[in-house]
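Trainee: Residues annotated as topological domain 'Extracellular' in Swiss-Prot, with sequence analysis given as evidence: 30-692. The domain 'Cadherin 1' feature in Swiss-Prot is assigned to 30-133; the stated evidence is sequence analysis. Residues or ranges marked as domain 'Cadherin 2' by Swiss-Prot: 134-242. What Swiss-Prot records for Asn265, Asn419, Asn545 is N-linked glycosylation site, and it gives sequence analysis as the kind of evidence. The feature topological domain 'Cytoplasmic' is assigned by Swiss-Prot to 714-932, with sequence analysis given as support. The annotation compositional bias 'Polar residues' is assigned in Swiss-Prot to 816-841. The feature compositional bias 'Basic residues' is assigned by Swiss-Prot to 922-932.
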Amino acid sequence: MIPARLHRDYKGLVLLGILLGTLWETGCTQIRYSVPEELEKGSRVGDISRDLGLEPRELAERGVRIIPRGRTQLFALNPRSGSLVTAGRIDREELCMGAIKCQLNLDILMEDKVKIYGVEVEVRDINDNAPYFRESELEIKISENAATEMRFPLPHAWDPDIGKNSLQSYELSPNTHFSLIVQNGADGSKYPELVLKRALDREEKAAHHLVLTASDGGDPVRTGTARIRVMVLDANDNAPAFAQPEYRASVPENLALGTQLLVVNATDPDEGVNAEVRYSFRSVDDKAAQVFKLDCNSGTISTIGELDHEESGFYQMEVQAMDNAGYSARAKVLITVLDVNDNAPEVVLTSLASSVPENSPRGTLIALLNVNDQDSEENGQVICFIQGNLPFKLEKSYGNYYSLVTDIVLDREQVPSYNITVTATDRGTPPLSTETHISLNVADTNDNPPVFPQASYSAYIPENNPRGVSLVSVTAHDPDCEENAQITYSLAENTIQGASLSSYVSINSDTGVLYALSSFDYEQFRDLQVKVMARDNGHPPLSSNVSLSLFVLDQNDNAPEILYPALPTDGSTSVELAPRSAEPGYLVTKVVAVDRDSGQNAWLSYRLLKASEPGLFSVGLHTGEVRTARALLDRDALKQSLVVAVQDHGQPPLSATVTLTVAVANSIPQVLADLGSLESPANSETSDLTLYLVVAVAAVSCVFLAFVILLLALRLRRWHKSRLLQASGGGLTGAPASHFVGVDGVQAFLQTYSHEVSLTTDSRRSHLIFPQPNYADMLVSQESFEKSEPLLLSGDSVFSKDGHGLIEQAPPNTDWRFSQAQRPGTSGSQNGDDTGTWPNNQFDTEMLQAMILASASEAADGSSTLGGGAGTMGLSARYGPQFTLQHVPDYRQNVYIPGSNATLTNAAGKRDGKAPAGGNGNKKKSGKKEKK
């Protein structure tokens, strides 16, 4: 029989082991530790990392943490050591009052695997509490006729500890009338009773004082005492008795305060005062004493506190009935608190992700919920669901845990955020529910490239635009957000006519506005093909391109260019021949012009602007052909000048002119013969003008000479006064001689005779041009001359076209150096080398003026050419203290003799460093000579 029972027990153990192994594999892992109570904070409970199969450093990496329960956390994880430690005071009596075994349960969550481990911590009792009596002093009344061996119940002691640390024994102080016995209750409690061993005699002793000591079994032993005063009363030999030894009641937890639960009743066979009974609680714990009240006269038990099934579902109390003689009786009261569905489910978010990437796969964990209901049975059974049609679902996890996961792949561009409502409902009547709201943001990922609203763009810009002007704005849209939607614009690299595209246009990387970096020229290129790229700032970045066409619009910025007749480069003028026998409409020549513009800006029209003989020639409006308008007559001049204007049709119109010289003759030799016959009349016509010029020059010279004489007289007077001062004050120190020589006379001379005569073949009269006077206070030194600008520029040294430098001057001709006989002075008797200095006394100045006037007179008659003979010299504005005539440039080239074709040349016949030419080749055009 016994082996069969052992076989069945062994089989049950095997099945239990298999079941426990299965639960372990499914995640319901239980870890057990045992610790004594009252440990210091931070004391080690167990090596949780080892029991989880992890290294201590992996606790933080895997998100291992304790799921909190309640407000007070008793344990914590030490991430360094991987141990479970105490986080506060652990008092077994406070946590597990009266329980034989005190176990604390906690849950540990491993977030990376979403796995929960259960941990049981057994709190071992220590002897930290001494036995105590609720009443330290007790008074017992005993009738004097009480029989021996009569027992009187005494208050029992309380010890919160358990086992051997709990209450073990009672001891009564030595006396002659009483002894102590201990009764063991059904629950293991010990109840002391006072036993009368010797009959009492009130007349012998009315009161007895005893000491009751309660001891536990701890090491060391702890004790508690109570003082007992025994009062001997007059005889009363009947004790009260309860109608039943035990009272039971079952009440719901939602009773109102003051509700009567039950009534206990005890009777005493005595009569009168000895039959009066009073009720009281004999044995009741602290929680029951706060909830229930016993009426001492009626025996009615009612509520004075709220009943809560979740806090305590059962109460056990002991009541006693005592008469006036001290006789008493005891009875038990058992009250069961029935559960009522008065607690709604509680939902605790143990793990919550505030956002989830939009490209997360299905089943991505959003939150971990712990659902609890403090009610029992059906009132504590909870179901959870999500309200609305949302792409999420709840999955049952370990115990009361639910996992909120995604049901589809989310798209932020469609729905950027969700408000999730999780409803937990119990099965009670009526059912109670709790709603938990979860706000979830869908994090953006860079899954959308920028998009241009148009497939291509076109823009038109007129040429000659200012630099920096905005051309066009392109804008792309990115449905992503934040950095993924921040767009940067750029231009694709390209070359235009060998130059980089970036030298023509640029784009604002933030706004997409295209700017012109240079002024566009329609004649250079007419369109630009640009590729604009929009790139976002996501990771990885996405981009898109769009084509942009820039069309340059033509402006009328180019004047017509005359191709024929071409402008001469050597100063000569082309001559067209028109035979005198030409009929009306005869084609003399054709003006050919082009315009670099396009459209109507390049439409050209020709017209005759000016003609020396009006009505003789006509110009084709659109062809530019110069034709005779009538027959040529003998009275028509040999030379005909035509000014033809070419104009485009732009707004505003631009034009160009060309001067044509038409010779009315049948051949070139006839042209030359006719020009020779016309020379004498021309000279006769200009003789009057030459006479007027000579008279004007003589008058100006006389005025200048008078001014010089007056100036010299004043300076001589000043010099004479200074000599007198020097003679009278010999102690005065003289100032050193200046390095600069005053040339007031020469200054006046340069001012007076700074003019030029221009004679052209186009005019019947010669023109005398007087430029603005050029003043100078003193002659500058040779060093300052080399650094400063020249006062007068001759034909040998002129500014270049761009104005940045000077054209090199032809070297001075040695034939222009003065010989000893030619050098100004007193009769030419002064000695010196060939590089004589500038005259520096009054006599030499007068001689210089006379020579200049003589030269002017010789030039006026037109019969001689100034050469290298005596009395000729060249002048220039560049001179200094050590100036010599060798440095004087050839000035004769700027002097034209009125009434003749002669110009000043040197002895070798050179002019401007070129070979001598005919008189007509050296003539200047009227109005074209500009004073530099």
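Any Cβ shown, glycine's included, is placed from N, Cα and C.
Show me how these features fit into the structure around them.
Mentor: Mean pLDDT, taken over the domain 'Cadherin 1' (30-133), works out to 86 on the 0 to 100 scale.
Mapped onto three states, the DSSP output places Asn265 (N-linked glycosylation site) in coil.
Same-chain residues at least 6 positions away in sequence with a Cβ under 8 Å from that of Asn419 (N-linked glycosylation site) are, in sequence order, His437, Ile438, Ser439, Leu440.
Sequence-distant contacts of Asn545 (N-linked glycosylation site), defined as residues of its own chain at least six apart whose C-beta falls under 8 angstroms from its C-beta, comprise Ala492, Lys531, Val532, Met533, Ala534.
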Trainee: Show which residues of the chain containing Asn265 (N-linked glycosylation site), separated from it by at least 6 in sequence, have their CB under 8 Å from its CB.
Mentor: Phe242, Ala243, Gly299
